[in-house]
Amino acid sequence: MSHNTFGHLFRVTTFGESHGPAIGCVVDGCPPLIPIDEADIQTFLDLRRPGTSRFTTQRQEADRVRILSGVFTDEASGKQVSTGTPIALLIENTDQRSKDYDAIKNLYRPGHADFAYDAKYGLRDHRGGGRSSARETATRVAAGAIARKVVADVTIRGALVQMGPHKINRDAWDWDETTRNPFFCPDAKAAAFFETYLDDIRKAGSSIGAVIEIVAENVPAGWGAPLYGKLDADLASGLMSINAVKGVEIGEGFDAAALSGEANADEMRIGSLGEPVFLSNHAGGILGGISTGQPLVMRFAVKPTSSILQPRHTIDRSGHESEIVTKGRHDPCVGIRAVPVGEAMVACVLADHFLRHRGQIGEGAVWPANRSR
């Protein structure tokens, strides 16, 4: 299996399966002398960790990360810092229940990657989906914690803004609220509704989808490159690579198709300090594949968890029709834990584009340098 690596200068390779002994990643391209310790990474892993509420899978994984390489204690500061060499991170699996999947070993689970993997490789790991499991995303969160250090001036935050057909009230948006409820929801009233709503879905043995919004602030103008290195293209690719994601939009996204040209274009003025000021942000902070200095705004849609307790029609590996009920421990709304995963992927893409921009352009801002020409 190829394509287990993403990024150009900041490169992440992940490895491991859902029911294997461990999962992990190797981060290559991290600059030297960046303070990194396991506690920094663990903070973000704990946000994604399973079994933290009744609304996520009850698989109990501590997700304790170990740094195996790429760091050294700096004698001058006494801190553990990156050396510039590959950083290997390992997370052990401790709560696998492979026997839960014995009954469906030869059955394809509808909505899962079972059939597609078998069609391509001639085999599949039926134990929790193996490599196709969302368990792999813990390694992305670990890599994202390092990426955040590379772009330390950038603030990256995510929120669940829709569950099923129910959207939050954007006028009630409060980022602090995302830390007060199990849904990473910025609307307190919506979070209270989601609690009852998802309880009913969970008790019925079903699942539901969600929409996640990620906002990255303090990204300077100039990151990204035309035509085939566009920042929004790489962000979309990173977010689409997350398990169960079926759609990504930047800024107004698909709603832009319903707007007129004058409504969609972000008009500009000169601010009090001579800086460019945008009067709106329909573009989501990216024009021509290059950041504008405005907040980057993106959303991705997560489909309902395919593993449910409702019986469904399927076929087996021998070509016989059958019925399947997927047992085991699964998220009733996988979109909840996709929030820190989405943040991590955005962080990795931004770290990569920061290094690519610095390598081509240098540290200086381009726009002010061009004003006198």
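Please read every residue number as a count from 1 along the shown chain.
Yeah, the Cβs are placed from backbone N, Cα and C, and that goes for glycine too.
Listed in Swiss-Prot:
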BINDING   ARG48, ARG54  NADP(+) binding site
BINDING   ARG131, SER132, SER133, ASN243, ALA244, GLY288, LYS303, PRO304, THR305, SER306, SER307, ARG329  FMN binding site
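Following the DSSP three-state reduction, the secondary structure of ARG131 (FMN binding site) is helix. Least packed by the Cβ count within 10 Å, out of the binding-site residues ARG48, ARG54, ARG131, LYS303, is ARG54. The C-beta environment of ALA244 (FMN binding site), restricted to residues of the same chain at least 6 apart in sequence and closer than 8 Å, consists of ALA134, VAL302, LYS303, THR305, SER306, VAL334, GLY335, ALA338. Ranked by CA distance from ARG54 (NADP(+) binding site), the binding-site residues ARG131, SER133, SER307 have SER307 at the top as the closest.
SER307 (FMN binding site) sits 19 Å from ARG48 (NADP(+) binding site), taking the CA atoms of both as reference points. Across the structure, SER133 (FMN binding site) and ARG48 (NADP(+) binding site) place their CA atoms 14 angstrom apart.
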